[in-house]
């Protein structure tokens, strides 16, 4: 009876196993393994096979050989990757220069030096303690995670016990840790854990609000229906709109942004475009002015303004433009940064929301990105910005009618700007400044998640780092300046509490504080002071959950969830430093650095513009080919005399060694989760410190161009590197107007230089 219960085993295991070895398609062999006999499938009354478990030794041998082959392949790939990474690091260090020697760095030297010195002190202290702990470990001081062998400690501290000099010294160190160092460190860790949980709860509530909006399909609805301009209907809502494009030395993107706004679908008599050029480069000024003149000849209502004295950066530029006498004839103003490309129907989808809504002061559109898949850095930025727009901006706009203005891709009611005091140059976040003051005056905001305006993300870590420094120092400046106004304002108490505790303190101050302090300082210190502990759920479970929530608005980015978590902790150094600079009004808090653009055009938008209005999209004059050739040769000669330098970031590298040292110490306590977190976080800091993430910055900018010729249906990218070498061609989709950082896309024609004499 028992034997019949195992009839299925006999049926399902029948067959002749074979192994096929194939070195190449023409050289293969097949080895037949020994087939199992009937006895192998016979079972005793106890359910044990009669043939035993090790009947077929040849099968076991083959399985072991296959596993060994797989393991050898993994070790080979790991070794090759390690040697490649080592080679890259060696070349980077030998040819690099640190950020401390960079003359373009915006941080205050004294502040930067103090911050770097503090990190170095922690590093040297950790190295000293690591050596001390390793010596104690081999002396028999074995620690469990996180408890000590207290009986051994009490024995050594007894007056009657015989102990060596090292044991006496180490036992004294342990007592000092327990009595004086662990309590304050544990208290600071507990404070950071509480702040971490509060911020995580806020993030969770925002996500629940976003889910509710999606579930209920809540969205702002304008009272005025869109009207086709070509229908001849005179009842459409087409008020006077002023469009402003502030720019400064952004020759990579000026053409595409000007072309986009000149093709906005709006009555020309009700639209005026201001190009607000703050460039101090005469060549860039002449190029932008020529572009404006060409569009004027095409019939666009566009003007060029240039300030000789650049006071107040972007805020001063916008303030100067609003002082023009003709501005009083306009009711709304749309603002776009130089790399933004609004679609032709942008105004028709945003301005109607102001109809019969006199309390509405701002309509903000969402950003989309043309280079989101360019490299790992842009993919990680996409996760943050997708959460910012999809969750933060949308939830605050729906439930509070307030959010921070993003500085671009928005339409303001001019009356709201004037009522709030206009643009002020007191901070580097003039967009957040005007939004806060407008909210205090009672104006409401609307965020349109379904209206997108394409732009580009910083592709190099250097550009991204400077952008984040400005974005995190400015809010702290503004908080200090606006605090009295918030308290004295007439808005409700709960709105004041939301602005002070959530908008400023929790999301602008507490987030970078605990992120840097908890994961970059306290966690490695607890490895050397094990009496103070961080629970496993703080190190792994909660951060993983928050990263999962952050990545939900960008589901295609799920493969990058681990790099995203590590990179966010890495960026906490820059954000913490910027927050301190802004809070205490240090020198670097008032520096404005224009984010470097790459000029990656929107392929879809440009193609539609070509199909709709090809004469408008031409947008630029036919250049003088001889002059361009001469300019290329001069720039290449200058490039040949330059040496390319890679950037090395000292604070990130120092923290990398601190975390790697702490990970080595965690091995002595057998703290698995802490070890892996510290190891991978240290590697993340190492890669960022050596500038191995994102696009590398080149020394030379070379613009090439040529006359368009019939028959050419692709653009070609010519890149001249800092060492004089030329990279190209790189074909891109058909576009008549392509501009790129450190190069210019060329539409047909001939490109000649010292290295290239080719007709593409």
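Cβ coordinates come from backbone N, Cα and C, glycine included.
Caution: TrEMBL annotation is automatic and unverified by curators.
Note on TrEMBL: of 121-138, 139-156, 157-174, the range annotated with the feature transmembrane segment is 121-138.
Segment annotation: TrEMBL labels transmembrane segment over residues 541-567 (candidates 541-567, 568-594, 595-621). Residues 648-667 are the range that TrEMBL records as transmembrane segment, among 628-647, 648-667, 708-727. Put simply, of 187-213, 648-667, 673-693, the stretch with the most CB pairs closer than 8 A to the transmembrane segment (509-529) is 187-213. The transmembrane segment (121-138) makes contact with the transmembrane segment (648-667): 3 or more of their CB pairs lie within 8 A, with pairs spaced 6 or more apart in sequence.
Residues belonging to the domain 'Glycosyltransferase 2-like' (333-529) score a mean pLDDT of 94 in the model.
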